[in-house]
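J.: What TrEMBL shows for this protein is this:
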{"type": "BINDING", "residues": "Asp483, Asn510, Gly512", "note": "Mg(2+) binding site"}
{"type": "COMPBIAS", "residues": "12-23", "note": "compositional bias 'Polar residues'"}
{"type": "DOMAIN", "residues": "45-150", "note": "domain 'Thiamine pyrophosphate enzyme N-terminal TPP-binding'"}
{"type": "DOMAIN", "residues": "242-361", "note": "domain 'Thiamine pyrophosphate enzyme central'"}
{"type": "DOMAIN", "residues": "452-577", "note": "domain 'Thiamine pyrophosphate enzyme TPP-binding'"}
{"type": "REGION", "residues": "1-23", "note": "region 'Disordered'"}
Amino acid sequence: MDTKIGSLDTCKPTSNDVGSPPNGSVCTIQGSVSPTTVLNSCEATLGRHLARRLVQVGVTDVFSVPGDFNLTLLDHLIAEPGLNLIGCCNELNAGYAADGYARSRGVGACVVTFTVGGLSVLNAIAGAYSENLPLICIVGGPNSNDYGTNRILHHTIGLPDFSQELRCFQTITCFQAVVNHLEDAHELIDTAISTALKESKPVYISISCNLPAVPHPTFSREPVPFSLAPKLSNKMGLEAAVEATAEFLNKAVKPVLVGGPKLRVAKACESFVELADASGYALAVMPSAKGLVPEHHPHFIGTYWGAVSTAFCAEIVESADAYLFAGPIFNDYSSVGYSLLLKKEKAIIVQPDRVVIGNGPTFGCVLMKDFLRALAKRLKHNNTAYENYHRIFVPEGQPLKAAPKEPLRVNVLFQHIQKMLSGESAVIAETGDSWFNCQKLKLPKGCGYEFQMQYGSIGWSVGATLGYAQAVPEKRVIACIGDGSFQVTAQDVSTMLRCGQKTIIFLINNGGYTIEVEIHDGPYNVIKNWNYTGLVDAIHNGEGKCWTAKVFCEEELIEAIETATGAKKDCLCFIEVIVHKDDTSKELLEWGSRVSAANSRPPNPQ
């Protein structure tokens, strides 16, 4: 399989760009220009080298916020023909946008200024770390002459020690490069970028503000294409793991498969589907893996999320006598307050580089994609669990018919969003009740889906929508955002307009932090109501293509969707949906009570 630029770490079942070359081959990311090209002095600079490297690995859009320490660097990024610099309203959103971009392209990048910018973007970088996304965070640093001089600089906390920002990033990035000498700049930059791609984690690159424009012999030629050696499975360990797993599963009466979020970082989506095809097992996903497994698969049974699973899925998974989880993350949210009815002795846990079989052996140095492909050839076909699902399944009912002009209900809203989905669309779900409502959407072939479950940072979706839409302009992104989350990051709707994006944003206005209400209510969960359509109209200010609507009932919603997908299909469409403050999914009510119980456990006696 050829590895295409920009698809290194993507894992989408409907794409032909998934994954990386087979084991034993070399993953080469080719540049578009021969590495023998000799550059003139204005191109042979640190800034242009970094720009060419970004383009080479698939980054054609960089999200930035200017500051005096990064301005010269930005000049040199702009000068690169293949690179588009996108100015964001704040550093947090720039980081979120790079996160969304990386989910689609396989790698993303943002550029901020020293300390005031770096500390502002930290939260977004931490989220990318938790979701295993390769993200290149570039910071314009102090003049190289200021290091070690005991001087106090602006944008710092007033101490002559410049390492505060670096120390913060050390905990949320897999590599940190502080470039304050031209001699080792080439090596540090290349090591950082290649490490981000290999580890599928964010990296930090600080570049002294006086270096980007300086020519140096190490930058006199086009960057040599990266050659990233792939990780390899231990052959004997792989064979032993497959043998033990096949024996375990072939003895089972009604085994099932459950996909987890680490399928993406393991680049194992395709091999997981191959296993499902070969085995005939019922196929489910954990909530944070929605979108990684094709929901049109003939044996797909839905989302396994304990007590808040999609209909009839939990019953099949939890009653199975064997279940294989590929790339799971079991935290308090995904386990619904530690209430999953699973037994370790029935479980095979497949992580990106290890396999654990029940209470028995563990096999390390075994890559998930190799293991799943090999296992597919050893399993007996067994569709018992799917047949059981098929017997008990009752199609989901329709929401109660709304009376004319009746206030709009959330379940009616999502019934209409479901009808909008196609292979040319993608869904971004914000933290909150949108998690649960979007989880019930049935994704057609090719429809993208993203949300941030492990980190769960409210406001993530605005920046992520900006980045994701920029990465795949051929798809129309549908973002479902609560009013509380939108208030955190609303400014960068303006950047969407500047970029000419055609996203449809459904702003669900229910007057507060509903997900927090269902965990633990208090007056702090009520927010100041905004005129959200008025706000977006003000941001629009007559520049760019924008259309807004405020809807109170189903008739108005239908009309707004028809306009957004028809006459205004080339515009950014913002639809504010007014719903009752207590209108939530039944899943959130159940989940909230269980998470609340987990959070409020009394201290163990000491």
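Quick reminder: no glycine exception, Cβ is built from N, Cα and C everywhere.
Automated prediction, rather than curation, is the source of TrEMBL annotations.
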J.: If you average the pLDDT over the domain 'Thiamine pyrophosphate enzyme central' (242-361), what number do you get?
T.: 96
J.: Report the residues of the chain - excluding Asp483, Asn510, Gly512 - with C-beta within 8 Å of the mean position of the site's C-beta atoms, for the recorded Mg(2+) site, in sequence order.
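T.: Result: Gly482, Gly484, Ile508, Asn509, Gly511, Tyr513, Thr514, Ile527, Lys581.
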J.: Can you give me the same-chain residues 6 or more apart in sequence from Gly512 (Mg(2+) binding site) with a CB-CB distance under 8 Å?
T.: Asp483, Gly484, Asn525, Val526, Ile527, Lys581
J.: Across all chains shown, how many C-beta atoms besides its own are within 10 angstroms of the C-beta of Asn510 (Mg(2+) binding site)?
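T.: Taking every protein chain into account, the count is 23.
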